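> I have a structure I would like to understand better, so I am pasting it below and will then ask my questions one at a time.
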Amino acid sequence: MTVSIGVTGATGRMGGEVLAAAADRDDLSVAFAVSRSPGDEVEGVAVEDAADFADLLASHDPDAVVDFTGPASCIEYASACAEAGVAFVTGTTGLSEGGFDALREAASEAPVLYASNFSRGIAALRRAVREAVPALDGYDIELTETHHNAKRDAPSGTALTILDDIDDVRGDSERVHGREGEAPRSEGEVGVHARRAGDIAGEHEVLLAGNHESLSLTHRAGSRGVFAAGALDAAAWLADRDAGWYDFTEVLE
Ligand SMILES: NC(=O)C1=CN([C@@H]2O[C@H](COP(=O)(O)OP(=O)(O)OC[C@H]3O[C@@H](n4cnc5c(N)ncnc54)[C@H](O)[C@@H]3O)[C@@H](O)[C@H]2O)C=CC1
Ligand SMILES: O=C(O)C1=N[C@H](C(=O)O)C[C@H](O)C1
């Protein structure tokens, strides 16, 4: 069966990657693509006006929508998909708590899968972190993420997910963002550092240090294609699920 998808944010960096990756797959077809700056073709697909999203959902009836846009539009698209009963896959980061609540509300009417990072490497890094942190009890932890100079949100969605993983296995810790002036480390804090430079697709390092040793767990995305491939795997997997909230780790099982 071919899974048909709608793509939002089609003229964005990730939207283009998703359309390029979809063109190389036999199990997926693109029903439509939208952007708030429509008009151009991306990867041979006509890009339509984001304002017509609900109408496009009704006329094309896709199996799933793949969204990499911004927090406000992500919620609007999720609500429209919920109303239409269409599966919604999103990698949009920078959502507020209220944004996540709205996304979870959409999941009561349609299948919704949010992942702050669609790479398999980050899924493996998260498992390694959850093992390393309790094994290295009391070690200092510093998390550094590096992204391209056009990224809006900081720290990255992936960094926030990893921080939640650390809290899960070690208990809530104080998050110290950057360091300046008289700023000695306090016991148990987690230092968080965000760097923005060039066209770096995404790097995350978790550094654990203590007991005269250090362990560094680092992931580097070589290109955005890795995120697009994971999101399309998620769309193919999610398309025929019941309404509910799903996690990327379930796709990888
Ligand atoms: N989960 C993951 O694996 C990944 C997540 N991301 C996230 O995806 C999102 C998009 O990233 P990029 O493609 O680099 O950004 P971008 O700025 O290149 O593209 C965003 C697109 O969404 C559109 N957009 C934004 N607000 C909109 C609105 N209100 N209505 C309609 N369209 C709107 C923009 O016009 C643009 O076409 C970010 O939140 C980023 O952090 C990016 C890469 C991987
Ligand atoms: O904006 C990006 O580019 C990325 N955003 C995601 C995040 O915020 O974690 C995932 C990836 O690192 C690329």
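From the backbone N, Cα and C atoms, a Cβ is placed for every residue, glycine too.
Unlike curated records, TrEMBL annotations are generated automatically.
Okay, so TrEMBL annotates it like this:
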type	residues	note
ACT_SITE	His147	active site, proton donor/acceptor
ACT_SITE	Lys151	active site, proton donor
BINDING	Gly9, Ala10, Thr11, Gly12, Arg13, Met14, Gly91, Thr92, Thr93, Ala115, Ser116, Asn117, Phe118	NAD(+) binding site
BINDING	His148, Gly157, Thr158	(S)-2,3,4,5-tetrahydrodipicolinate binding site
DOMAIN	4-118	domain 'Dihydrodipicolinate reductase N-terminal'
DOMAIN	121-252	domain 'Dihydrodipicolinate reductase C-terminal'
REGION	173-192	region 'Disordered'
> Given the binding-site residues Thr93, Ser116, and counting only Cβ atoms in the protein chains shown, which has the most within 10 Å of its Cβ?
Thr93
> May I ask which residues of the same chain, at least 6 positions away in sequence, place their Cβ under 8 angstroms from the Cβ of Phe118 (NAD(+) binding site)?
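When sequence neighbours closer than 6 are ignored, Phe118 (NAD(+) binding site) has Gly91, Val226, Phe227, Ala228, Ala229, Gly230, Ala231, Asp233, Ala234, Phe248 within Cβ distance under 8 Å.
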> Which recorded positions among Gly9, Thr11, His147 have CB under 6 Å of ligand 1?
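Passing the 6 Å Cβ check against ligand 1: Gly9, Thr11.
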> Checking the contact step here: among the recorded positions Gly9, Thr11, Arg13, Ser116, His147, Lys151, which have a Cα within 10 Å of the Cα of Gly157 ((S)-2,3,4,5-tetrahydrodipicolinate binding site)?
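Cα filter at 10 Å returns Ser116.
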> Counting Cβ atoms within 10 Å across all protein chains shown, which of the binding-site residues Thr11, Thr158 comes out on top?
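Most Cβ neighbours within 10 Å: Thr158.
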> Using the alpha carbons only, what distance in Å do you get between Lys151 (active site, proton donor) and Gly9 (NAD(+) binding site) once rounded?
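Approximately 15 Å lies between the Cα of Lys151 (active site, proton donor) and that of Gly9 (NAD(+) binding site).
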> Counting only residues 6+ away in sequence within the same chain, which have a CB under 8 Å from the CB of Gly9 (NAD(+) binding site)?
Gly15, Val34, Ser35, Asp67, Phe68, Thr69, Gly70, Ser73
> Can you check which residue among the binding-site residues Gly91, Gly157 has the largest number of Cβ atoms within 10 Å of its own?
Gly91
